[in-house]
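A short write-up of the structure that comes next.
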Amino acid sequence: MTTSRDESRAIFERAIEHTRGLSPATFDQWFGGVQFDDLTDGVLSLRVQNEFVLEWVKTNFLPTITDKIREITGWSVQVAWTIDQHLEAPIANVPQMPPVRPRSLVVRSSTNPPAAPASPSAPVAAEPRAPAPAPAPLRRPALPDDLNPKHTFATFVVGPSNQLAHAAAIAAAGGGGRRYNPLFICGGTGLGKTHLVHAIAHRVLGERPGARIIYVSAERFTNDFITAIQHHRMDDFRAKYRVHCDLLLVDDIQFLAGREQTQEEFFHTFNALHGLDRQIVVTSDKYPQNLERMEERLVSRFSWGLVADIQAPELETRVAIVRNKAALEGIVLPDDVALYLAQVIRSNVRELEGTLIRLAAKSSLTGRPVDLAFARAEITAATPRAQIMSVEDIQRAVCHHFHLRSIDLTSKDRHKSIAFARHVAMYLCKQRLKVSFPEIGRAFGNRDHTTVMSAVRKIEAQRDTDPQVRAHLEALERKLAGDS
Ligand SMILES: Nc1ncnc2c1ncn2[C@@H]1O[C@H](COP(=O)(O)OP(=O)(O)OP(=O)(O)O)[C@@H](O)[C@H]1O
């Protein structure tokens, strides 16, 4: 069967449309970085920005796409990939390869704009590299003493904000997929970094009870090190961390800031384990390059494997987390309350969980059911207004300021003054609520997240150059703060 390029592109587009329906958020995030080159005689040629996108798309989308193409054309499709770092991604959050360090791979699950491309196109073979070798044989069991039994993969809710870190954590636990060493998980407080690290340990222990796992906070590593020096037990310390360890999990590495001697020791620990191909997982509240007072050689090693960040979860993920937590704790939580909690507590899962537990405790003390009225009253009393602001509050303030109807902001009306007010509202949502671009898009008449990104960028640029725009923003900021 021979087809023209237009026909084959149409076949490909039908196939990927089918895939988009299966998982729209993931699709946008990943498939946006793939370009169709050709489909001729059963060979589908695709161009991707980097190897990680290639592997992800290949694992998650390709089977469905090739099945669909087979359904349409009868071909058993083979895929030829080209890695092209110059490829302009239509979707801004496609993961980027870092420009200089050849062995590192930085993946952002965020909606941050992509970095500039670094090197020219290079065709690659269709197959991914062989899986990493199995860890060294295990000798004696070792149980990390402070693992939270509830922090498992089963209790971790996966969404676009954390799916890369989650997938990488499963791979680090030997659960398939490419294993990156080290795995560096970074993100703000209370977003699930420690949970994932514990989940890795539980999974490894479940599957290989003899595995020698060391789970330490960087603070504990420091204290162990100091104690070893004090008591002349450096040989034991080194044997423990550099030899009798199959998996090293280090939480909150930022704690090593400025601790030069501990950094030096950790550097050698890292090298020893890495040299033996033992998995190392590190968490941090910052990207490696943003770690303060950290030796450059350590920073560079942290980026050798995979840097996966965790962002604040989207609304749907927050709802799922709060429902899950309620189910785990045996709390009866109506859907409208779950949604309300997820709407008002946006940036920190720990806080979301804490609020749920507090509500449940108060409800059992007072005998009142956890219903919407109860939740609203409790949260309003306990939280400053600014923190429980919602997209609707911002839309209301913007409409009031520009004398518009609320429907104008969600309508398709592109009149200049309405479009400007809409852009301002989107900008304020991003600034104040830290909600994701897709989430904002949905609240503004189901607009695409790229539209929201460009609106926010436009206002950011005007804010710095146009005094009138700045005046509107300041007036709105005052209004929103005044509501607090
Ligand atoms: N995706 C998720 N699914 C389920 N629970 C989650 C998720 N993300 C976070 N949590 C829960 O939120 C709480 C805080 O998570 P965790 O302690 O892992 O955060 P962290 O990123 O390590 O924060 P910090 O940097 O402050 O140590 C934990 O109870 C954890 O179980």
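Just so you know, glycine gets a Cβ as well, placed from its N, Cα and C.
Note that this is a predicted model, so its numbers are computed, not measured.
Cβ neighbours of Thr194 (ATP binding site) (same chain, under 8 Å, six or more residues apart in sequence): Asn148, His151, Asp251, Thr283. Annotated ATP binding site per TrEMBL: Gly190, Gly192, Lys193, Thr194, in sequence order.
Marked as compositional bias 'Low complexity' by TrEMBL: 118-129.
Mean predicted confidence for the domain 'AAA+ ATPase' (179-309): the pLDDT average there is 96. TrEMBL lists 179-309 with the feature domain 'AAA+ ATPase'.
Feature annotation from TrEMBL assigns domain 'Chromosomal replication initiator DnaA C-terminal' to 390-459.
Taken from TrEMBL, the feature region 'Domain I, interacts with DnaA modulators' applies to 1-116.
Annotated region 'Disordered' per TrEMBL: 104-144, in sequence order.
Residues or ranges marked as region 'Domain IV, binds dsDNA' by TrEMBL: 364-484.
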Fewest other Cβ within 10 angstroms of its own Cβ, chosen from the binding-site residues Gly190, Gly192: Gly190
Other C-beta atoms that fall within 10 angstroms of the C-beta of Lys193 (ATP binding site): 26
Helix, strand or coil at Gly190 (ATP binding site) [DSSP, three-state]: coil
Sorted by sequence, non-Gly190, Gly192, Lys193, Thr194 residues with Cβ within 8 Å of centre, ATP: Gly187, Thr189, Leu191, His195, Leu196, Thr283, Ile310, Val349, Arg350
